[in-house]
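Just dropping this structure here.
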């Protein structure tokens, strides 16, 4: 079984031609539909990308395991999709089976321990609000992050000098052998926007966080709202994007390096370096994935030429792209 969970490199698996099935296809033993030729533009925040060869959105763990089994039987490569907020998919689409986690959202708050467990498909921002409504501190920083719990764990998402690893208690994941396992932060090799999970050998099914219950809900909501307002002031949200495109090198942030080169507003096709924040690339209308890919490469070239810094993409780049 080939697994592409959170790779930051361009994949080169050949795209196969799959006809759109008129007869409904379901996961064996379930009523969970498997769809063919699903446009990735409808599933990603960039609003670009060709079709996924196959797409399934399991509603619970048993259907997720059935999805993996079906892909294995069919010899299909796998890609896991959360909110699609950190993803650039080729205009040619994705081969194999795309598994969407949007229905895997069961959440449980344990007031005795301060632990909250959420499915991998739960929005990390929504979880932050749910915690704030209860007066639980610890997730206020995550309110503006446009991704899922699973994605936040895999990428070690963070903001305001706090990251996912700081509050993570454990995860449940499917191992390469198809068994369920529990892993602690020390086993996940967390670093800046990285973890061992990016190697793609495991699928996160749920995560448990250690929070602090008992605070005044009004106070926690106010702090959460302030974080969100601050994020909206600094970052563009009016057009489709993937969030931050590049990881921040040391000592200067990627956005600063790009801005100093006068690249704000620079455009290739329908893709543009954002005027508000230079580490954002926007789909200004009609952009193709190839436009965004070329703009990413151009920015990397300019930064390396002038600053001798190689910017590493934070966005996942999947599918076939022409060399630029």
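Indices start at 1 and increase along the chain as displayed.
The backbone N, Cα and C atoms fix where each Cβ goes, and this holds for glycine too.
Note that the coordinates shown come from a computational prediction; the quantities given were computed from them, not determined experimentally.
The active site annotation in TrEMBL covers 193, 314. Feature annotation from TrEMBL assigns active site, proton donor to 244. As annotated by TrEMBL, domain 'FAD-binding PCMH-type' applies to 47-214.
Surface or core, plus neighbours and distances: that's what I need for these features.
For residue 193 (active site), the count of additional Cβ atoms within 10 Å of its Cβ stands at 21 [all protein chains shown].
Under a cutoff of 8 A between CB atoms, and with a sequence separation of 6+ in the same chain, the neighbours of residue 244 (active site, proton donor) are 254, 279, 280, 314, 315.
Around residue 314 (active site), taking its Cβ as the centre, 20 other Cβ atoms fall within 10 Å, counting all chains. Secondary structure at residue 314 (active site), taken from DSSP and collapsed to helix, strand or coil, is coil.
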